[in-house]
Amino acid sequence: MKQFIKKIAFYVLMSLLLFNGIAFLSLQILGKSNFYKPEFVKNTVIDTNFDYVVLGSSTGLTTLDTKLIDSITNKKGLNISMDDTSLNSHFLMLQHFKASNKSAKCLVLAVTPWDLKNKNPKLNNNDYRFLPYVQEDYVFDYYNELETKTFKPLSFSRYFPIIGVSYYNTEIFYPSIISFFNSNKRNHFDDKGNFCYPTNGKPNKLEIDEIEVVINNPFYFKIKEFCSQNNIKLRIYISPIFKTKLKIHDDSIIDQSNFLIDEEMFYDNIHVNQIGRRKCSIEFAKYLK
Amino acid sequence: MFFNSITFAIFLPIVFLLYWFVFNQSKKSQNTILILASYYFYSCWDWRFLFLLIFSTILDYTSGIMMGKYESKTKRKFWLWLTISINLGFLGVFKYYDFFASSFAEFVQGFGLEVQPYLLQLVLPVGISFYTFHGLSYVIDIYYKRIQPEKNFIDYSLFVCYFPLLVAGPIERATHLLPQVKIKRFFQYEQGIQGIKLILFGLFKKVVVADNCAFFVNQLFENHTNFTAVELWIGSFLFAFQIYGDFSGYSDIAIGTSKLFGIELLKNFNFPYFAKDIADFWRRWHISLSSWFRDYLYIPLGGSKGSKWYQIRNVFVIFLVSGFWHGANWTFIMWGGLHAFLFIPLLLVNKNRRNLSNVGYSYKDFPKIILTFLLVSLAWIFFRADSVSIAFDYLHRMLQFDSISIQFYIKNAKYILLSAIVFVSSFALLLLEWCFLKKYNGEIVLSKGMLFLLVAMLLFMGVYRNQLSFIYFQF
């Protein structure tokens, strides 16, 4: 028995050392790459001061083309939106943006009415993209707060990187290999952080919905506070939603929800395609001016 | 508590340490801790069904004692049929009642009568098919005086509820397991090491091979009309790997876990995808169930004795019952029936027993292996499909070669990566098994290097984020 336990302990220890080493390397490589948005913000974006940044989920990522807006307004913008996220991730991204020594005069917070209303934010599907920076307190605290189960793969990665790297192996380990061979590889966004949907999608809604915009999400208030502490002007932006009327009580919200009616401009019910994106960006430039 | 969960990874070492360091004074204390651990393990699914398990244990135990007490055949028969009826009654109520009720309603509707069946819609107690068969083999063996009834209730309880095999087998026999739980176990180094190796190999099969295949298989079978013939063919092969990785992986983990407690379980799989014909496949797939049906159904029906017609009838009965055992759905009955059809030609030409022993392989066997795999994979479609009509439609579309596109498997970077993982891991599994068969005569022998490679594949290719249950837990 003694021999058995010794042998098992030895191999477990060896495996822990070896595979944690590999996982650590994997996170290091990814952390120095451009693959995902957090890494792009930290490593690729050379400018440190921006006139505005667009922060949101897929609607922010695919509606406002900062390249086009900059060419119209002569301002300097950046899109730091990430698909499949919500206000809590946006708050994390904002902290990360600041921690990467970047600043902006105006934050365009591209959100959906549903996200603003959500009282119980949860960890998002793409939050693992901050894993290379889990040693930073703001990332660790975020994971620790939102991982509600006893087993917290993202938080535990601060001490055992192999946990997060193997839990998210297809999302972390393989991209790190790709980044090792091609450090310029970006995962579906351009050098200004934008992405657009093609024109082959269609919305599929028949009746018009009416939604009241209510702000309940605690992370919105955290973002608001963060902006006021850092002298950043905060503007909420709502992108086009097919056949949806919004009841908005706050005049400061930039509302484009009804700006597009033609279904040819949409990729699906809540995302515009590249034609819609162009129209929205030109219109948005007017607000920015 | 799944074998591939963190909870089990914590549970197993705790039970192991308690078993060997705290409760190791006697056989009684060893069995007691294993029973407590088993009941806790089972109650993690649904504690209410624990009472059903305990009731079944008490019933089979009492029946065994009563049968041992009486010499009169009538009284023994009474206890036997009482136990069989109650055990199968539970199985019938929980697993089959809704199926019979709705099938009857559909049948009557065929004659123009409108019947609304009363459905129970009960949750199926996990492992009920396994522990019921477990208990049945015990009482039948006592009835036929193959074994003596077990007088020690603790020993018998452990035989029924032993956690490594409780929820998905292997279906143990009293003749094999009871003698092991009746003596104090002493730790054996080699057995322990082999147990760890089997657990790792089983996890590899489940978490790397099966769960990655499931990513594609689930999409294909949920909406098979959207895919090309080639994609559907690949899908049927992937399901063959998924179900094999899933179930044999579970069995390996169960056998490996049991070795850690000094108890050997029956072998459940013997490299079935290297079978040379369907009969050979059934000697290698879910061996504990096949042999159960052989001993307690096929042979009592007359087995291979009597005229060819009787033999054919017996083959059909055993395959249909085996299919039905898996689940209350016509798809499983069709699956069983299809295997009977594939088996009958071998029986008719007296070639169903030609590959009885592992006599080795020659290059001439490869076409036979591939043909058997192909037939088995086609039959799996019925096993996986939600209904018989969907299965037939799936098969029909497999034959419509209007496009050879495999776009589904390479539609974006994620799909390409997962396709590569599925291909590499399935190939690695086949290669390893071929090596075990050829080099080690079927023994699972893993060198240190291979173990590190397995662990690396487990960590960097396994599915953890969207963890899947074991397919056989639903049976």
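Just so it is clear, glycine is given a Cβ too, placed from its N, Cα and C backbone atoms.
Feature annotations, reproduced from TrEMBL:
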type: TRANSMEM; residues: B:6-22; note: transmembrane segment
type: TRANSMEM; residues: B:34-58; note: transmembrane segment
type: TRANSMEM; residues: B:78-97; note: transmembrane segment
type: TRANSMEM; residues: B:118-144; note: transmembrane segment
type: TRANSMEM; residues: B:156-175; note: transmembrane segment
type: TRANSMEM; residues: B:332-349; note: transmembrane segment
type: TRANSMEM; residues: B:369-395; note: transmembrane segment
type: TRANSMEM; residues: B:415-437; note: transmembrane segment
type: TRANSMEM; residues: B:449-473; note: transmembrane segment
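Beyond the transmembrane segment (B:449-473), the same-chain residues lying 6 or more positions past its ends with a Cβ under 8 Å from any Cβ of the stretch are 2-5, 126-127, 167-169, 197, 200-201, 203-204, 206-208, 210-212, 214-215, 242-243, 246-247, 250, 421, 424-425, 428, 432. Residues 277-279, 282, 304, 308, 311-312, 315-316, 318-326, 375, 378-380, 382-383, 388, 391 of the same chain lie 6+ residues outside the transmembrane segment (B:332-349) yet bring a C-beta within less than 8 angstroms of a C-beta in it. Long-range Cβ contacts of the transmembrane segment (B:156-175) within its own chain (Cβ-Cβ under 8 Å, at least 6 residues beyond either end) map to 31, 34-35, 37-39, 41-42, 45, 53, 56-57, 60-61, 64, 126-127, 130-131, 133-135, 137-138, 141, 146-147, 150, 181, 247, 250-251, 253-255, 257-258, 261, 263, 265-268, 286-289, 292, 470, 472-473, 475. With a threshold of 8 Å between CB atoms, the same-chain residues lying at least 6 positions outside the transmembrane segment (B:118-144) that come near it are 42, 45-46, 49, 52-53, 56-57, 59-60, 63-64, 67-68, 76-77, 79-80, 83-84, 87-88, 90-91, 93-95, 97-98, 101-102, 150, 159-161, 165-169, 171-175, 289, 292, 295-296, 325, 473-475.
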